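Below is one structure; the comments refer to it alone.
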Amino acid sequence: MSTSKTITFTLFIAALLSSCDAATNATSQPLFPAILIFGDSTVDTGNNNYHSQTIFKAKHLPYGIDLPNHKASGRFTNGKIFSDIIATKLNIKQFVPPFLQPNLSDQEIVTGVCFASAGAGYDDHTSLSTQAIRVLDQQKMFKNYIARLKSIVGDKKAMEIIKNALVVISAGPNDFILNYYDIPSRRLEFPHISGYQDFVLQRLDNFVRELYSLGCRKIMVGGLPPMGCLPIQMTAKFRNALRFCLEQENRDSVLYNQKLQNLLPQIEASLTGSKILYSNVYDPMMDMMQNPSKYGFKETKRGCCGTGHLETSFMCNAFSPTCRNHSEFLFFDSIHPSEATYNYMGNFLDTQIRVWLSLRLKS
């Protein structure tokens, strides 16, 4: 099914579901017993705060300025990130804690944690340059989590929780930015972007299979956003005073996402009992870029922090001026969406998940 048909079908089903049983959607019962998060800064809720090797941290203002306590938590935006928003919409919990956070309660462990690390990617080269926690090492953290979970609820119950948990994987942009587009360290090995895409997808395939071997069955894998519309990419390929999306990088994202959509059913078919969902982030984000007023956005080509052209992580700090109304900006810094954007994305993906569950129950 083409991307346009997929999004149309999803929105049609969403309207159908919302008109059927409002009480069901409003139930306080969680749709999954736990949520387990892997990936990069789009889903890292603060693991890098406790990872001394990396400089990619968000434990300072203005990050977190719109959280309830107005304090930075390690999330790379002004408030909640996607991890928290989707966990809230699925009635699991309001905030997903980072696994490396000291003194996590038993309840936090039982209902799920985040293993993601800002700066990570599927390609090990990515973490070499960022010193983020490699995806492979996130898997090792997950093994430690399983041991802790078993000590709390016992072996059988622990594996039941993991089997029924929603696993979210969000990574990929750092691989292309740091190894191909801006720092071409992989271009000699892969002269054509298609070859590097296949390499990254093979690493993704291996990672999903490893999670399956550890007991995960319900897995949502995120595609790439419109990479050429990230403010930092517009800056990196600066041509004139008019900032615009880089069409070639967007076409690359579309091609990667098409390959990913073809790959995931193959992985699912080979892993008995697995249920794997492609998370479409490209289309809703592109719609926000092209129709900003529909979402209340006034700025889509630069971030809210500093100039919005380059600042991220330590470059976006307490001395950086910020925009007056954070919710009017699609991006909070030069890479990361604002909480408002994550909210819209969360609404879209919540619909995807509910449609997915509905169709699975009937199959």
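Backbone N, Cα and C define each Cβ position, glycine as well.
Feature annotations, reproduced from Swiss-Prot:
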- S41: active site, nucleophile (ACT_SITE)
- D333: active site (ACT_SITE)
- H336: active site (ACT_SITE)
- N25: N-linked glycosylation site (CARBOHYD)
- N103: N-linked glycosylation site (CARBOHYD)
- N325: N-linked glycosylation site (CARBOHYD)
- 1-22: signal peptide (SIGNAL)
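Fewest other C-beta atoms within 10 Å: among the recorded positions S41, N103, N325, that description fits N103. Among the recorded positions N325, D333, H336, the ones whose Cα sits within 10 Å of the Cα of S41 (active site, nucleophile) are H336. Same-chain residues at least 6 positions away in sequence with a Cβ under 8 Å from that of D333 (active site) are, in sequence order, F76, T77, G303, C304, C305, G306, G308, E311, T312, S313, C316.
H336 (active site) sits 28 Å from N103 (N-linked glycosylation site), counting Cα to Cα. When other Cβ atoms within 10 Å of the Cβ of H336 (active site) are tallied across all protein chains shown, the result is 27. When the Cα atoms are compared, N325 (N-linked glycosylation site) and N103 (N-linked glycosylation site) turn out to be 35 Å apart.
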